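Some features that TrEMBL has for this protein:
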- Asp138: active site, charge relay system (ACT_SITE)
- His209: active site, charge relay system (ACT_SITE)
- Ser526: active site, charge relay system (ACT_SITE)
- 28-104: domain 'Inhibitor I9' (DOMAIN)
- 129-562: domain 'Peptidase S8/S53' (DOMAIN)
- 639-745: domain 'Subtilisin-like protease fibronectin type-III' (DOMAIN)
- 195-218: region 'Disordered' (REGION)
Amino acid sequence: MELLIPLITYAITILPALRCAVADSAMHIVYVDKSFMPKVFSSHHDWYSSMLVTTSDTSDPVTDLMYVYDNVAHGFAARLSQSQLSHLETTPGVLSYQADMPVKPDTTYTPKFLGLDSGIGLWPASGRGEDVIIGVVDTGVWPESASFNDTGFSPVPKRWHGACETGPGFGSSSCNNKLIGARAFNKGLLANNPNLTLSNTTPRDTDGHGTHTSSTAGGSPVSGASFFGYSQGTASGIAPQARVAMYKALWDEGAYTSDILAAIDQAVYDGVDVISLSLGIDGLPFYKDPVAIASYAAMEQGIIVVASSGNEGPDLGLLHNGTPWLTTVAATTVNRVFSGVVRLGDGSSINGESIYLGKPVVVKNLPLKFMGNCTDKKNLKETRHSIVVCEVKKYIGLATQTVKAAKVDASLFITDDIFSELFVRFSFPGVLITPQDGATLLDYINNSSNPTATLHFRQTILGVGPAPQVATYSSRGPSASSPNVLKPDISAPGSLIFASWSQNSTVGSDGSHELYSPFNIISGTSMSCPHVSGLAALLRAARPEWTPAMIRSAMMTTASSLDNTMEPIKDIGTKGHPATPLAMGSGQIEPNKALDPGLVYDAGPKDYIKFLCASNFTYDQIKIITHLSSVDCSGASRDLNYPSFIAFFEGKNTSSLTDRAVKVFRRTVTNVGDNEATYSAIVKGVKGLLITVKPDKLVFTKKHEKQSFEVRIEGQIRNRKEEVVHGSLTWVDDKGNHEVRSPIVATTFSGYAL
């Protein structure tokens with residue numbers, strides 16, 4: 001199985017669907033204003049059922065009521081005919097409805113790479129996330145995994161209202177004091193596919209993705225872990241003392257938005273502290289986006305919602321989960337390489353990249369044959385009993401498939417394809433080599449009468465640089481649903497991440513032989529998301545009084561924009577140019593620094609309502625999101641109190657002062673550091689623009705004091721269309737203890753109407 005398959009299969013994207021008339025009934029989600037419920041009904045369930053009775057085309061309409069949403073949305077999911085929908089449009093209290101949408105399926109080392117240490121910093125300060133509950137909506141869980149061992153855990157917190165749903169092969173003993181809950185949601189899937197029979201109806205993970213994400217966020221330490229000899233060591237989640245609850249809404253047979261909404265609704269009721277969503281919805285406004293609607297209600301209850309940005313990079317504007325009340329995560333690389341070592345016949349060696357799961361040394365002293373771009377399958381077959389060398393400038397995936405089909409003994413691919421990371425896993429002996437090392441290899445082949453090589457696998461090299469780098473696949477902002485809020489928020493390790501796996505789901509193959517393992521190494525923003533979910537759990541444990549916005553702010557303003565060579569973080573998708581905040585957000589998470597950020601940017605429901613009011617939504621649309629019976633839009637503003645800045649300009653080839661645009665932002669920060677502190681503003685320039693901060697000094701006399709300031713961006717962008725220029729505003733305290741950095745982006749991007 002090539003690495004492209006895990007990436008596409010495991011980063012969940014919900015594709016938009018158009019509402020259309022149907023002859024037969026179909027699943028819909030109906031949003032309702034609960035204040036309209038007649039007093040004659042004792043519960044909302046009865047009220048919703050009465051709507052179906054009144055409009056029913058069937059003899060037993062109540063059975064079509066699949067879900068009632070009470071926590072993160074107000075409404076229900078049901079099978080409805082077109083005549084029923086027409087009737088509901090005139091029913092008092094019904095705000096909107098939409099068709100249920102199908103879902104297309106989109107660490108031994110990373111805690112150490114992120115600086116987490118048992119002796120100092122955030123781990124000891126938070127008790128490594130002790131008793132914080134992380135709810136994961138995903139493909140289920142493999143409860144027998146050592147990552148869910150509960151040795152040393154105290155009893156389940158009394159505030160927990162969750163359950164361990166049982167079924168064939170998933171008994172009550174599947175849950176414990178670590179994995180404290182597991183539920184399954186498939187009514188929407190089955191209603192949309194009446195003839196479907198599920199191979200498994202329990203919360204058990206038969207895919208692997210949910211086990212991987214949940215163990216990344218909160219897995220217990222597992223010593224002696226490895227993946228066929230790669231990444232040997234102790235595997236640990238970011239918050240190893242946190243509790244984990246799984247909400248299975250993604251199935252091998254498919255998934256639907258009604259199930260995802262029901263899963264989040266239940267998680268909020270059960271009492272989770274963090275919700276981790278390695279999934280998202282493309283192209284929907286907030287009032288139609290179940291993730292946006294559900295995460296708003298979660299935020300109101302103090303629950304931190306973390307979601308992946310998507311895997312549609314490197315083009316701009318394809319990010320999902322741009323909702324301002326959740327944390328959106330991009331994906332980066334780690335300073336670790338899984339290597340295949342090429343030992344040439346002259347005694348020299350080349351380190352390439354490879355995750356080949358076969359024997360460590362399977363190719364010995366075979367002749368090297370250079371075959372150009374390796375597109376000629378016939379010629380490849382004629383030289384199959386050699387090590388074929390291919391030079392591939394792009395479409396590396398096509399080349400690897402062609403070579404595989406030719407059944408060559410082994411192959412070396414010289415490439416700098418920006419997507420090459422997705423093809424580092426091989427079912428035959430193969431190695432990816434950089435063009436620089438490729439020149440050495442070709443020189444040896446051209447100047448040797450009998451060029452040979454031996455290949456060694458299962459090598460893991462640590463400390464490589466530059467790292468982190470933004471992964472090519474990671475989706476870039478701006479967000480189509482909310483372009484005036486800079487997204488993504490933050491970056492975290494997402495490339496070639498090692499974590500637990502379902503042992504009935506294949507992890508790859510050696511030739512035609514399928515392989516299984518308790519761990520796997522895969523890539524995607526699905527993998528970066530749970531790193532931040534785990535970090536959010538640590539911060540919730542250490543700073544229980546902070547709001548979700550304060551925790552997000554702490555992660556963002558302490559993030560690093562530099563790699564391990566102390567240079568700006570690079571973007572693989574732009575051939576190694578410095579990454580912009582539209583790719584990496586504020587930068588790579590720095591967990592220990594997030595514990596003590598100095599200042600935070602806070603925001604709550606009132607701020608988000610003002611934002612929604614200024615975003616051209618109707619009152620009914622805002623009601624769907626906020627669940628309010630009435631909306632106060634006084635003071636409406638799209639200038640949200642956010643720890644970042646984005647300004648849109650029209651690209652103009654002129655230097656006229658009359659064409660200069662002015663963008664003004666107002667922000668308020670809260671002192672969570674020392675009782676007395678003075679902060680000075682430092683602006684790192686945005687090319688061609690004048691940025692001023694007033695006041696440029698903030699004086700705090702006590703903890704929790706608030707101070708406000710204004711950022712003014714003036715000028716014009718005169719270069720090419722869709723240019724992105726960026727800089728930063730950093731508040732530095734006079735004691736040198738805190739640097740509170742916010743990215744600033746100015747862009748002419750116009751990929752969609754703003």
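Cβ atoms are placed via backbone N, Cα and C, with glycine included.
Same-chain residues lying 6 or more positions outside the region 'Disordered' (195-218) and placing a CB less than 8 Å from one of its CB atoms are 9-10, 107, 110, 129, 134, 136, 138-143, 145, 147-148, 165-170, 174, 182-184, 186, 189, 235, 237-240, 242-244, 246, 248, 250-253, 274, 276, 278, 497, 499-502, 504-505, 507, 520, 522, 526-527, 529-531, 533-534, 537. His209 (active site, charge relay system) sits 9 Å from Ser526 (active site, charge relay system), taking the CA atoms of both as reference points. Taking H, G and I as helix, E and B as strand and the rest as coil, DSSP gives the region 'Disordered' (195-218) the counts 10 helix, 1 strand, 13 coil. Less than 8 angstroms from the CB of Asp138 (active site, charge relay system) sit Asp205, His209, Gly210, Thr213, Ser214, Met246, Tyr247, Lys248, Ala249, Leu250, Ser276, Ser278, Leu279, each of them six or more residues away in the same chain. Within the model, the domain 'Inhibitor I9' (28-104) shows a mean pLDDT value of 86, rounded to a whole number. Comparing the active-site residues His209, Ser526 by how many other C-beta atoms lie within 10 angstroms of each C-beta, the top residue is Ser526. Helix, strand and coil residue tallies for the domain 'Subtilisin-like protease fibronectin type-III' (639-745), in that order: 3 helix, 60 strand, 44 coil [DSSP].
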